[in-house]
Amino acid sequence: MSKKTVANLSAADLAGKRVLVRVDFNVPLDDQGKITDDTRIRAALPTIQDLTSKGAKVILSSHFGRPKGETFAERVKDKFRLTPVAARLSELLGKPVPKPNDCIGEEVKAQVAAMQNGDVLLLENVRFHPGEEANTPEFAQELASVADLYVNDAFGTAHRAHASTEGVTRYLRPSVAGYLIEKELQYLQSAIENPQRPLAAIVGGSKVSSKIGVIETLLEKVDKLLLGGGMIFTFYKARGLNVGKSLVEEDKLELARTLEAKAKERGVALLLPTDVVVADAFAADANAQTVSVESIPDGWMGLDIGPDAVKTFQEALSDCKTVIWNGPMGVFEFDKFAVGTEAIAHSLAGLTGKGASTIIGGGDSVAAVEKVGVAEQMSHISTGGGASLELLEGKELPGIVALDDA
């Protein structure tokens with residue numbers, strides 16, 4: 001999936017041109033409407049600054065939250081407006097970033113017409129229009145009508161065929177990838193298609209069902225697969241072990257057996273924890289004890305991997321040249337059950353220091369490495385949750401397929 005990028009566009013290609021840039025500014029806000037984490041805004045800066053430095057007029061579009069309703073009028077709510085984002089972006093860029101009250105229409109056309117080379121405009125939330133997620137040609141064409149070319153830098157929504165990620169490419173050429181998408185493809189694709197070996201994947205999270213595709217694909221590619229999180233109890237139950245009150249997906253027991261058999265057949269080392277930390281309730285202050293997976297007591301539930309499992313996992317990872325991590329080892333929101341996840345985060349930081357490529361594949365693992373304070377020590381932290389998983393599953397992402405081939 002080699003695509004043209006912003007780097008392929010010169011100042012001559014861009015000077016005075018109106019560039020529609022799809023970004024992912026879906027940042028978290030607190031109760032006062034203040035941004036609590038501006039990572040996604042900062043992640044888009046290299047693309048924005050490259051375009052403005054080449055004299056382009058940059059028109060940004062993003063979704064924000066999930067406005068509900070059949071019509072525009074029902075969807076428009078102040079809490080879904082991009083106002084705080086425009087303010088933060090203007091601080092980061094050191095210049096005003098105006099924001100119209102809509103993403104299409106006369107006000108937008110007038111503001112775009114008034115733009116000077118190097119100016120930045122942030123359109124209002126594209127999801128105020130039902131045509132965005134429905135990817136209607138009318139809405140896509142209207143959105144594209146104010147621009148000359150298109151850049152997609154929103155990896156987090158690249159797996160969705162929406163008007164602002166896929167529809168607009170039918171009306172704007174060239175359509176290229178921004179630096180963020182380029183980096184995501186470079187790391188995630190090469191990790192799967194052309195990795196330095198040994199290649200290990202660590203997959204956690206509470207449900208096997210949400211990770212089936214990724215586990216099946218990884219079994220075809222990796223040398224070692226380490227499983228943690230709530231999903232491991234489905235595997236234990238499939239082996240005939242008592243799992244107490246631990247989370248189990250009864251309809252996935254046969255699948256768990258199939259996956260274990262497939263790993264054996266392919267010569268992949270599939271590692272499940274040998275001990276777990278169990279609790280008498282799902283709570284931060286629950287009573288906890290460490291037990292072997294063969295002796296989980298009735299009425300108790302597993303909420304983290306145990307110290308022996310951590311040691312085994314660390315040993316298995318010690319010689320790996322590439323490691324992909326997706327999903328926590330336990331309920332890391334509760335400090336008492338965050339030990340396994342934190343230990344793995346520290347191990348990966350150590351491996352990066354030894355020259356290994358460490359890739360955090362989106363979702364909760366990102367929050368985990370940030371909580372531990374080792375985010376800076378990872379080779380790559382993916383900004384997409386579902387998009388990262390789908391790419392690791394080998395699926396084509398509509399928002400990327402639609403861009404010009406290199």
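Sequential numbering from 1, following the chain as shown.
Using N, Cα and C of the backbone, Cβ positions are placed for all residues, glycine too.
Copied from Swiss-Prot, the annotated features are:
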- D24, F25, N26, R40, H63, F64, G65, R66, R127, R160: substrate binding site (BINDING)
- K211, G302, E333, G362, G363, D364, S365: ATP binding site (BINDING)
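Location within the structure of each feature annotated in Swiss-Prot.
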residue : record                 : DSSP class
D24     : substrate binding site : coil
H63     : substrate binding site : coil
R127    : substrate binding site : helix
K211    : ATP binding site       : helix
G302    : ATP binding site       : strand
E333    : ATP binding site       : coil
D364    : ATP binding site       : helix
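Neighbour counts of Cβ atoms within 10 Å were taken for the binding-site residues G65, G302; the minimum is at G65. Taking CA atoms as the reference points, R127 (substrate binding site) and D364 (ATP binding site) are 25 Å apart. It is 24 Å from the Cα atom of K211 (ATP binding site) to that of N26 (substrate binding site). Residue annotation for substrate gives D24, F25, N26, R40, H63, F64, G65, R66, R127, R160. The furthest Cα pair among them is separated by 18 Å. For the substrate site, the Cβ centre of D24, F25, N26, R40, H63, F64, G65, R66, R127, R160 serves as reference, and the other residues of the chain with Cβ at most 8 Å from it are S62, N125, G156, T157.
G65 (substrate binding site) and D364 (ATP binding site) have their C-alpha atoms 18 Å apart, to the nearest angstrom. Rounded to a whole number, the C-alpha distance linking N26 (substrate binding site) with G302 (ATP binding site) is 33 angstrom. Ranking the binding-site residues N26, S365 by the number of CB atoms within 10 A of their own CB puts S365 at the top. H63 (substrate binding site) has D364 as its nearest neighbour among the binding-site residues G302, E333, D364, S365, going by CA to CA distance. Across the binding-site residues listed here (H63, R127, K211), the residue whose Cβ sits among the most other Cβ atoms within 10 Å is H63.
The Cβ of E333 has fewer other Cβ atoms within 10 Å than any other of the binding-site residues D24, E333, D364. On the backbone, the CA of S365 (ATP binding site) and the CA of D24 (substrate binding site) stand 19 Å apart. Comparing E333 (ATP binding site) with D24 (substrate binding site), their Cα atoms are 25 Å apart once rounded.
On the backbone, the CA of D24 (substrate binding site) and the CA of D364 (ATP binding site) stand 18 Å apart.
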